[in-house]
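Here is the structure we will look at.
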């Protein structure tokens, strides 16, 4: 049996089935995904609220990371990947052939399981995306670097060593640096694929506190194997199993009164 501290859960919730367009950051409609002959996602539909934290949970291989990577088209990089259905951002299907994928990925940032700083200084890591956009004004870059490092709760730790190599940071610091790099280009949506799985408990707590702060400016979607983490940081939780979205509701409901037997079995540790 897995113990979840219900006192740590968020209490605000939306009617997810009837979420208004103004409150919706992303809408996924009838999404199927295949890798060659193997189907990995089956008819997934959901609305993700703006400026909230939405968690995807489920056993290994259930499709949660695959679904996350659909949101900024990272699966385009996988051979023989075929997608049917729609993901709407501002009412436009991101899989429309007219979509600028590079612009989409600027608007929908992503942070992976293991910290992946570039072999550059701390400063150059943060402003890398801005330089790619042609921004080279020093004052503008300096302001963006400080704003982003503060936003990632790491400014006070690195402000006197901005020109040191990023590889000299601890794992937890590197992950916050990567988050700073992602938010420097001011995306609307931030995708986090198991962002603390490679970190120690103290660094994990720091990242969790940061996630709660990030939602004041960004829509955050997180994949996690850690159900206690999902309960602590998310407002909504989606439970996936074998490529299907089994249940999607406010986090308190998922962890205390799930409506589906599969969800209850997973939450209570009967499988997973």
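Note: Cβ is positioned from N, Cα and C throughout, glycine not excepted.
Positions annotated as ATP binding site by Swiss-Prot: 58, 59, 60, 61, 62, 63, 64, 65. The domain 'ABC transporter' annotation in Swiss-Prot covers 26-267 and rests on sequence analysis.
Feature annotations (Swiss-Prot) mapped to structure.
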| residue | record | CB count, 10 Å |
| --- | --- | --- |
| 58 | ATP binding site | 26 |
| 59 | ATP binding site | 14 |
| 60 | ATP binding site | 8 |
| 61 | ATP binding site | 13 |
| 62 | ATP binding site | 23 |
| 63 | ATP binding site | 22 |
| 64 | ATP binding site | 27 |
| 65 | ATP binding site | 22 |
What other residues of this chain sit with their CB within 8 A of the center of the CB atoms of 58, 59, 60, 61, 62, 63, 64, 65, the recorded ATP site?
66, 240, 241
Determine, from DSSP, whether residue 63 (ATP binding site) sits in helix, strand or coil.
coil
Per-residue pLDDT averaged over the domain 'ABC transporter' (26-267), given as an integer:
96
